[in-house]
Amino acid sequence: MEIEIATIGGFEEVGRQMTAVRAGEDVVVFDMGLNLSQVLIHDNVETEQMHSLDLIDMGAIPDDRVMSDLEGDVQAIVPTHGHLDHIGAISKLAHRYNAPVVATPYTIELVKQQVKGENKFSVDNDLVKMDAGGTMSIGPQCELEFVNVSHSVIDAINPVLHTPEGSVVYGLDKRIDHNPVIGDPIDMERFREIGREDNGVLCYIEDCTNAGHKGRTPSESVARTHLKDTLQSIEDYDGGIVATTFSSHIARVKSLVEFAEEIGRKPVLLGRSMEKYSGTAERLDFVEFPGDLGMYGHRKSVDRTFKRIMKEGKEKFLPVVTGHQGEPRAMLTRMARGETPFELDDGDKVIFSARVIPEPTNEGQRYQAERLLKMQGARIYDEIHVSGHLREEGHYQMLDALQPQHVIPGHQDLQGFAPYVDLAESQGYAVGRDLHVTRNGNMITLVE
Ligand SMILES: [Zn+2]
């Protein structure tokens, strides 16, 4: 059976991930993501109104025109998890394919919300839920399987396409976590089994994000302990404490909510995306929040909550807000600019349970937000966080478990691929032979 891989997006950047695998007549598309930094760089871009081709020109969504070179029918569009760089282009591209979107329940729910907000295209692809561990047939000879992984969003999987020539494992976004705060640990046993099956692993497409970092990525339970320790250390502070984290990081939000209560404060989630991700996770029973937990997204209800906090006493609350990257329109940045009724006083604590995404736009915005917060006397607690991506030792473990014939580094630019290429070469792979360093818009033929 002919096997071809089209590397469509996310092979020159972190963002707009998209890869297609053709096995004989059948094609499966993995991820359809957005490169948010290409959108945010322009003022006031409303992507909901924009046409796909304009967004492709901006570098915001994958240039999927290469798909016309693949001689087969798309049978499924498979986003691996709910981060925007993996699902953010579905509303702009999926309608061009006569295929269902297949993903885990939390991811499907986020896709559904995104498609609903789309104004330019009507996306009516079927949305099919499949849990980690589930399988479905792709054409007469192939099978799609979801393997549970741990990442910084719940319900993440690595999809595997089993073909008669061996498996194609799409390894984007994971950490090897044996003690996640929500959900099951990563299913390393299944990866090892897949590596030992008859035809083994034909190809492994890997996320190189942290390949240049030594050691292993700590578990989410480490970030949880760090957070607990930090909040306990300011338990007796009688002024304002504000925390921010990735809205989609439900495990972290859950920890913040729990520890707020432990130090005698009422947690409240503020900001549009806080309400969206946490509300969805609660509705789907991924997390149980206290019955009276307030979640507010609309400007008016947020301001009303801030007024209430100021009236009843800042020392009684712990607002968990958006804005960990200093995004200009997010809640924490608005607070820093004094645009909300919440007044920061000298000595008030601001907890960043996130790291700055190492990208000049983010770094600049975050720097500005921190400066503004400090001008009001705020004290900053930084980097209470663990990454969602594998480091060196995790990459060695994955190669050891899967023993792939071919490896394709992804989720980075050329510079980001370099440490992974060194690592893979130390394991016997060679660039140009079975280690395929590629760019967006390329086709790699594995079996002719
Ligand atoms: Zn991710």
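Backbone N, Cα and C define each Cβ position, glycine as well.
Quick look at what TrEMBL annotates:
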DOMAIN    15-226  domain 'Metallo-beta-lactamase'
BINDING   H81, H83, H151, D173  Zn(2+) 1 binding site
BINDING   D85, H86, D173, H411  Zn(2+) 2 binding site
BINDING   H385, V386, S387, G388, H389  substrate binding site
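Taking the features listed in TrEMBL, we show where each one sits on the structure.
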residue	record	DSSP class
H81	Zn(2+) 1 binding site	coil
H86	Zn(2+) 2 binding site	helix
H151	Zn(2+) 1 binding site	coil
D173	Zn(2+) 1 binding site	coil
H385	substrate binding site	coil
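Considering only the binding-site residues H81, H86, H151, D173, G388 (substrate binding site) has H151 as its nearest partner by CA-CA distance. For the binding-site residues H83, H86, H385, H411, the greatest number of Cβ atoms within 10 Å around a candidate Cβ is found at H86.
A Cβ distance below 6 Å to any atom of ligand 1 is met, among the binding-site residues H83, D173, H389, by H83, D173.
For H151 (Zn(2+) 1 binding site), the same-chain residues 6+ apart in sequence whose C-beta sits under 8 angstroms from its C-beta are H81, D173, K174, R175, G388.
Candidate binding-site residues: H385, V386, S387, H389. Nearest to H86 (Zn(2+) 2 binding site) by Cα distance: H389.
Note: the Zn(2+) 1 site is recorded as H81, H83, H151, D173; in the same chain, T80, G82, H86, S152, V153, A156, L172, K174, G388 also have Cβ atoms within 8 Å of that site's Cβ centroid.
What surrounds the substrate site, by Cβ distance within 8 Å of the Cβ centroid and not counting H385, V386, S387, G388, H389, is the set S152, R175, N210, T217, R355 from the same chain. Closest in space to H385 (substrate binding site), of the binding-site residues given as H83, D85, H411, is H83, taking the CA atom of each residue.
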